[in-house]
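TrEMBL has this to say about the protein:
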BINDING   His127, His176  Cu cation Z2 binding site
BINDING   His128, His426  Cu cation Z3 binding site
BINDING   Tyr254, Glu257, Met265, Asp271, Ser318  Ca(2+) 2 binding site
BINDING   His320, His375  Cu cation Z1 binding site
BINDING   Lys447, Glu462  Ca(2+) 1 binding site
BINDING   His487  Cu cation Z4 binding site
DOMAIN    532-630  domain 'Cytochrome oxidase subunit II copper A binding'
REGION    535-630  region 'COX2-like'
BINDING   His576, Cys611, Cys615, Met622  Cu cation A1 binding site
BINDING   Cys611, Trp613, Cys615, His619  Cu cation A2 binding site
Amino acid sequence: MSDRKKLPEQKQLKDESRRKFFAKSALLGAGVVAAPMSATMFASMAKAQAAEAGSNSATVHPGELDEYYGFWSGGHSGEVRILGIPSMRELMRIPVFNTDSATGWGLTNESKRIKGDSAHLQCGDSHHPHMSMTDGRYDGKYVFINDKANSRVARIRCDVMKTDKMLTVPNVQAIHGLRVQKVPYTKYVICNGEFEIPMNNDGKASMDDISTYRSLFNVINAETMEVAFQVMVDGNLDNTDADFDGKYFASTCYNSEMGVTLGDMISSERDHVVVFNLPRCEAAIKAGKFKTYNGNNVPVLDGRKGSALTAYIPVPKSPHGLNTSPNGDYFVANGKLSPTVSVISIKKLDDLFDNKIKPRDTIVAEPELGLGPLHTAFDNRGNAYTTLFIDSQIAKWSVEDAIKAYNGEKVNYIRQKLDVHYQPGHNHTSQGETRDADGKWLIALCKFSKDRFLPVGPLRAENDQLIDISGDEMKLVHDGPTFAEPHDCIIVHRSKVKPNKLWERNDPFFAETIAMAKADGVNVYADNKVVRDGKKVRVYMTSIAPSFGMTEFRVKLGDEVTVVITNLDQVEDVTHGFCMTNHGVQMEVAPQATASITFIADKPGVQWYYCNWFCHALHMEMRGRMLVEA
Ligand code: RUQ
Ligand code: CUA
């Protein structure tokens, strides 16, 4: 009873009436023959329960669509995930650096070609998903993502939501911070090489002389996905972002000491932000003022201290996140080991590069926010939201008031601090890294969930929390358990993304497979045919629910078999699969796709293949035999 007194009045009332409702139905059941529940009774009960569960701004009812796409990195699971916002429902997983059993990513010939020189690697550590932009706005074309584990960058085509390019960045180890050029369009993807290594890392020169170690900033052509150029810096690099003028990129640097032990890495009170001057870098490349290393031809510019290509702005201490305000005015460097963030005026960078002012003159505010500031996000009303890792809070603060306070005025720039659960790393606002920042939603990606969910063993879920920021106060509206480890996310309005419903015939994704078929005299959209080429056998098959175009084919023990399946169904969502039992072979074949997979027929006898994506009432019957002659 005393507990119930603590309930807010409104809730208590609801509780009371619900109790009465159940009491009545109990009476009904006891006295008379129990009448079956009618549909209206169910509906009204469901409604009462929804009210009880606290429908809020984040509630998306069954059958309703979300307003935003969320692109989530999958951390060391190596993938990218698509969530609906605000429901936080997981809609899709896009395998990128990982190997995926359901879709055959990493197993199919198409995915191996895209993975290229890293096709043999099965793992990755994806951190920062960012969408291509035109004029500072999401353009729905690509999402780029880094792999810290294997120094790669990949691109996802948003029309089909598949990875279509992957690049191992040379001369560096551990690609970490990644963003895109925002203006005039995403010509370049920018990313940081985090770990410092000798420039010619061939094990021949001394590896003991740490003073020869370098870290590189990487500028990648977004269309060709080749490295345009790299810039050598002092210190190592962490996170990065671009301005809204198409002129400057900035990266945080921790370990300006260039130490190799923890103690050495955090010894100085200040590290720095490196600003890269894009027009000057492009001019230097044109003028041939670069060197190459490690036997590749990627041009490397020298942007160490004193170079005209870069500026070093000292900031306290081991800064981490670097975030551009959506009005294009500021770079914000998040202190991590300092309770402050540093606000750098982008407007002052021209003067800095012309040597008219000193590096620290570009700092216009240094608000103290709390312990462990890691990343900052923005709304469209001049507020910033900074994660405090150690405090387990989000600090909401006014950028302009922080500037006033830095200039000596007595103002309180902190608007609110909200507890989150627990230890947030990244946060992101709806469209907050673009000109379309709309100040509706904030996601806090919490690294620990502790007591928020049922315990599931020593390894726990993380907790992605959704916060309504549309009003004056931040309101926590949803707890979302997630598997290792959504590092970062972006929130894109659904009007920006237009995915295809079917594959288009002859899509470049399958170009090489279709070309191979043509060379074999096969039209993949019509033919079912086996082509033998020495010990190699190519099996071309169509599929329409619920059958494969071929119910048997014959090979010899030890043959290398390539199965090519084209799904002729034109029906949305009717995906077939191909699985050869006992051979470690399976893949997705979505409508109008042509997918292929190669394996050795190393078991004699009858080997069944089947469709492993549920497609039809007769899905179980969708199978055939590979007859392997000993
Ligand atoms: S970093 S928790 Cu890989 Cu984005 Cu900051
Ligand atoms: Cu086709 Cu299941």
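Backbone N, Cα and C define each Cβ position, glycine as well.
Taking only the Cα positions, the spacing between His619 (Cu cation A2 binding site) and His426 (Cu cation Z3 binding site) is 43 angstrom.
Checking the binding-site residues His128, Tyr254, Ser318, Cys615 against ligand 2, the ones with a C-beta less than 6 Å from an atom of that molecule are Cys615. Selection of the binding-site residues His576, Cys611, Trp613, Cys615 by a Cβ distance under 6 Å from ligand 1 yields an empty set. Cα spacing between Lys447 (Ca(2+) 1 binding site) and His576 (Cu cation A1 binding site): 37 Å, rounded to the nearest whole number. The binding-site residues Tyr254, Asp271, Met622 include none with a CA atom within 10 A of the CA of His128 (Cu cation Z3 binding site).
Residue counts for the domain 'Cytochrome oxidase subunit II copper A binding' (532-630) under DSSP (helix as H, G, I; strand as E, B; rest coil) come to 3 helix, 56 strand, 40 coil. Within 8 A of the CB centroid of the Cu cation A1 site residues His576, Cys611, Cys615, Met622, the other residues of that chain are Ser543, Ala545, Pro546, Ser547, Phe548, Gly577, Tyr610, Asn612, Trp613, Phe614, His616, His619. Considering other CB atoms within 10 Å as the measure, the emptiest surroundings among the binding-site residues His176, Lys447, His487, His576 are those of Lys447. Taking every protein chain shown into account, Met265, Cys611, Cys615, Met622 are the binding-site residues, and of these the Cβ with the most other Cβ atoms within 10 Å belongs to Cys611. Considering other CB atoms within 10 Å as the measure, the emptiest surroundings among the binding-site residues Glu257, Asp271, Glu462 are those of Glu257. Separating the Cα atoms of Cys611 (Cu cation A1 binding site) and His320 (Cu cation Z1 binding site) is a whole-number distance of 47 Å. Distance between Cα atoms for His487 (Cu cation Z4 binding site) and His426 (Cu cation Z3 binding site): 7 Å, as a whole number.
Among the binding-site residues listed (Glu257, Met265, Ser318, His426, His576), His576 has its Cα nearest to the Cα of Trp613 (Cu cation A2 binding site). Taking His127, Cys615, Met622 as the binding-site residues under consideration, the smallest Cα distance to Ser318 (Ca(2+) 2 binding site) is found for His127. It is 59 Å from the Cα atom of Glu257 (Ca(2+) 2 binding site) to that of Cys615 (Cu cation A1 binding site).
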